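Novice: The structure is given below, and queries will be raised subsequently.
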Amino acid sequence: MRLHVVDHPLVAHKLTTLRDQRTDSPTFRRLADELVTLLAYEATRDVRTEQVDIVTPVAPTTGVRLSHPRPLVVPILRAGLGMLDGMVRLLPTAEVGFLGMVRDEETLQASTYATRMPDDLSGRQVYVLDPMLATGGTLVAAIQELIKRGADDVTAVVLLAAPEGVEIMERDLAGTPVTVVTASVDERLNEHGYIVPGLGDAGDRMYGAAE
């Protein structure tokens, strides 16, 4: 597994406002969208391309375009849905799948309640979206599902990560073609499994609490 922390002043600026408890939901959603686009720029550095011959208004030339099969973008519901627009803004031709996963707040274990994506992901580059890499359980389970379907190149785009979650990813996904792209690796997890200093519950801050 490879970890890439994006070091950029605009990333740090937007992340600081996201962390601020005074930031309201509409502003949080907008900033998360903008931050994901910045992270997506880094996450797609190795997106697969192929040569194409074109003619400009001046002369013929050779360029590149995204190759087939098209990349697949998979947000983890529900909070990952708030990252989708920011990702497909840079990959408008990507296909989109969905994984519905929920974490038990007592055991911190993840379970899947919904899946909508191709059964065969052989040869596909997949970008999985989840705001927080906290305990690592949800993201590990999601990526294992993608690899089971044949994905050979998975990039996880997360707003924040905790060292404990990174360690779990490195342990459970050792030797797999996985990259994690994030704006920050924070200090630690607290006793409730929240990232410290973090930004709170990303889903609740995007959409309001779900009872």
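From the backbone N, Cα and C atoms, a Cβ is placed for every residue, glycine too.
The 5-phospho-alpha-D-ribose 1-diphosphate binding site feature in Swiss-Prot is assigned to ARG78, ARG103, ASP130, PRO131, MET132, LEU133, ALA134, THR135, GLY136, GLY137, THR138, ASP201; the stated evidence is sequence analysis. Per Swiss-Prot, the feature uracil binding site maps to ILE195, GLY200, ASP201, ALA202.
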Novice: Just to verify: the residue among GLY136, GLY200 with the fewest other Cβ atoms within 10 Å, which of the binding-site residues is it?
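Specialist: It is GLY200 that, of the binding-site residues GLY136, GLY200, has the fewest other Cβ atoms within 10 Å.
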Novice: State the three-class DSSP label for GLY136 (5-phospho-alpha-D-ribose 1-diphosphate binding site), counting H, G and I as helix, E and B as strand, and everything else as coil.
Specialist: coil
Novice: Given the recorded uracil site (ILE195, GLY200, ASP201, ALA202), which additional residues of the same chain have their Cβ within 8 Å of the Cβ centre, ordered by sequence?
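Specialist: Near the uracil site, the remaining chain residues are PRO131, MET132, LEU160, TYR194, GLY198, LEU199, GLY203, ASP204, ARG205.
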Novice: Using other CB atoms within 10 angstroms as the count, which residue among the binding-site residues ASP130, ASP201 scores least?
Specialist: ASP201
Novice: Test of understanding: give the count of other CB atoms lying within 10 angstroms of the CB of ALA134 (5-phospho-alpha-D-ribose 1-diphosphate binding site).
Specialist: 27
Novice: Rounded to the nearest Å, what's the C-alpha distance separating ILE195 (uracil binding site) and ALA134 (5-phospho-alpha-D-ribose 1-diphosphate binding site)? Just drop the number here, would you?
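Specialist: About 6 Å separate the Cα atoms of these two residues.
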Novice: By the DSSP assignment reduced to helix, strand and coil, which category contains ALA202 (uracil binding site)?
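Specialist: ALA202 (uracil binding site) sits in a helix per DSSP.
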